Amino acid sequence: MSTGKVVKITQAVVDLKFEDGLPKIFNALKSKLKYKGKELVLEVSQHIGDNIVRCIAMDSTDGMSRGDEFVDTGAPISVPVGRSTLGRIFNVVGELIDECGPLKGKYDLEPIHRSPPSFTEQKIQEEVLVTGIKVIDLLAPYLKGGKIGLFGGAGVGKTVLIMELINNIAKAHKGFSVFAGVGERTREGNDLYNEMITSNVIDINEHEKSQAVLVYGQMNEPPGARARVALTALTMAEYFRDHENQDVLFFVDNIFRFTQAGSEISALLGRIPSAVGYQPTLATDMGAMQERIASTTAGSITSVQAIYVPADDLTDPAPATTFSHLDATTVLSRQIAEMGIYPAVDPLDSTSQSLSAEIIGEEHYNVASEVKRILQTYKSLQDIIAILGMDELSDEDKIIVDRARKIQKFLSQPFHVAEVFTGMSGKFVSLSDTISSFKGIIEGKYDHLPEAAFYMVGSISEAIEKAESIKAEVGAGH
């Protein structure tokens, strides 16, 4: 294999000169020396003439100097795939970082850059994925084999929601789950790992009994690692789909950091930025990854992606580019979070392609449509209420406002993963309970119950119990 020498280092971007044969684009180069006790991997990104290639480093370039030698491996970054990866934590280049010893059993190595499945291989599923979260199951249901996006600004609950989805779906799910931590907090990665051990999704004593693989490239990593770690995780998920014929759950937190890392690299590579300083290849980079997340005749990949929205602006190029790839969008709103309603999902902004009578059934569709109509009417009446007060509304509008406020409160729900913060036990609500509960509210069956009874409960039976305890407290007070 040919050897190149470092001629220039610019943070995460390194130029190397090869005298005997240039490595191909996307090839991995390995260092002859060790930096901080381990080999450094570079990925070839550009050929810039005079036998010089420009590469992206997958780890810190601290300690590197001009003249250091790197060897062309002759292939892209290749990572372990297969059942022996279950229960383990990997980094971007497929090295184990959980300190639980080497991989046991057989495994293959697969390159992280691949083509998406062809048209003839792809398959559409029309089966709803029940999450146990009322607002999602009722108003923006997820499809098995679909792509789901959780949009939200800083601190509105994206990671808590994705962890609850992992808790609710991965536990009940018989297949495998792959989690990609892309440029997020290391503490959250550690919390998730411990949560998975507690809930038996990962068995640290017998890894082969685990149901999940974790791949981390966190905030402290250089942009090369953050830009490629989602592809590493996706390669592992694709193997389970194609070779094990599994229905795989693929979680990404956070897809915005993938774009952000691409933007950092793009600037270091000397490309002219496009709108809002993003890389000119934003749509291409996103498309190349998203098209690989597909369901085929062999198996399916259902992906749930958290998407940070800079400055709460959904028209920012990064979230806007991601929107076009998704089947369902769950939008988290700061206004709803400020009202103390968690999960802070905006019921009117969130969308789903599966919200049609053919897929979810006539009753579910009618209840969801009526709930949205009531909430929309309440939203349009809020200006009148703010200026003139409730007394100026017609009797019909007063009933709508009353029901809308109950619906709003009832869309809140205590989460299993947030029990330590809320002090309330988490609730998983079945789809039939969700539909019948909301049907009762819109038909006026629960108009006599106080608004507070609907807040932070699971099914309607809990709201009725809460109403009785409120009544008893008020009675005792008198």
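Yeah, the Cβs are placed from backbone N, Cα and C, and that goes for glycine too.
The ATP binding site feature in Swiss-Prot is assigned to G152, G153, A154, G155, V156, G157, K158, T159.
Listed in sequence order, L150, F151, G152, D253, N254, A306, I307, Y308, L332 are the same-chain residues at least 6 apart in sequence whose CB falls under 8 Å from the CB of K158 (ATP binding site). Counting only residues at least six positions away in the same chain, the Cβ atoms of L332, A337, Y342, P343, A344 sit under 8 Å from the Cβ of G157 (ATP binding site). Of the chain residues outside the ATP site list G152, G153, A154, G155, V156, G157, K158, T159, Y308, L332, A337, A344 have their Cβ within 8 Å of the site's Cβ mean position. Working note on the binding-site residues G152, G153, G155: by count of other C-beta atoms within 10 Å of each C-beta, G152 ranks first. In the three-state DSSP assignment, the secondary structure recorded for G152 (ATP binding site) is strand. All protein chains included, T159 (ATP binding site) registers 20 other Cβ atoms within 10 Å of its own Cβ. Every protein chain shown contributes to the tally, and the Cβ of A154 (ATP binding site) ends up with 11 other Cβ atoms within 10 Å.
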